[in-house]
Amino acid sequence: MQMLNSQTILNSEEETKNFAKAFAATLKPNNIVLLNGDLGVGKTFFCREIIKYFCGENTSIISPTFNLLQTYKTPHFTIYHCDLYRLKSPEEIYELGLEEALSGNLTLIEWSEIIKHLLPTPLIEVNLKLLDDDKRLCNITNEY
């Protein structure tokens, strides 16, 4: 399934789950995925489905909103899930150990705008937009 540089309308929560898992199947270590969109649009939900794809459906997934970073081990790499909503300056990211996350691991970053210019390329960007209560527009691009 071609996902990079694509635009898809997701009509339900179930469709979003399935799409996120299909997207996860295209990911590998060293990928950096930036998730953007308004508050409550489903960035964390999308990340949860990616993490479940690699770690199993029963994995306990905690939103990183308050501590900024959560890690999840897979047999071959670690998934770093960051939520930078509360970040005040780009320099704060170094205190989290994000540099380690970027080498050989899968990194998912919500609210990435504040540090995007500091990240190595290529980057995969997932932009979510609310169309109505259940519908989302998902635009995925690969930036070099």
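The backbone N, Cα and C atoms fix where each Cβ goes, glycine too.
For reference, Swiss-Prot has these:
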type	residues	note
BINDING	E13, G40, V41, G42, K43, T44, F45, D133	ATP binding site
BINDING	T44, E110	Mg(2+) binding site
T44 (ATP binding site) CB neighbourhood, other CB atoms within 10 A: 18
Rounded Cα-Cα span from E110 (Mg(2+) binding site) to V41 (ATP binding site), Å: 11
Cβ neighbours within the same chain of G40 (ATP binding site) - under 8 Å, at least six residues apart: L130
Residue among binding-site residues V41, D133 with least C-beta crowding, 10 angstrom cut-off: D133
Site with most surrounding Cβ atoms, counting all protein chains shown within 10 Å, from the binding-site residues E13, E110: E110
Inter-residue Cα distance where the pair is E110 (Mg(2+) binding site) and F45 (ATP binding site), in Å: 11
Separation of alpha carbons, D133 (ATP binding site) and E110 (Mg(2+) binding site) (Å): 21
ATP site span - longest C-alpha distance across E13, G40, V41, G42, K43, T44, F45, D133, in Å: 17
Conformational class of K43 (ATP binding site) under the three-state DSSP mapping: helix
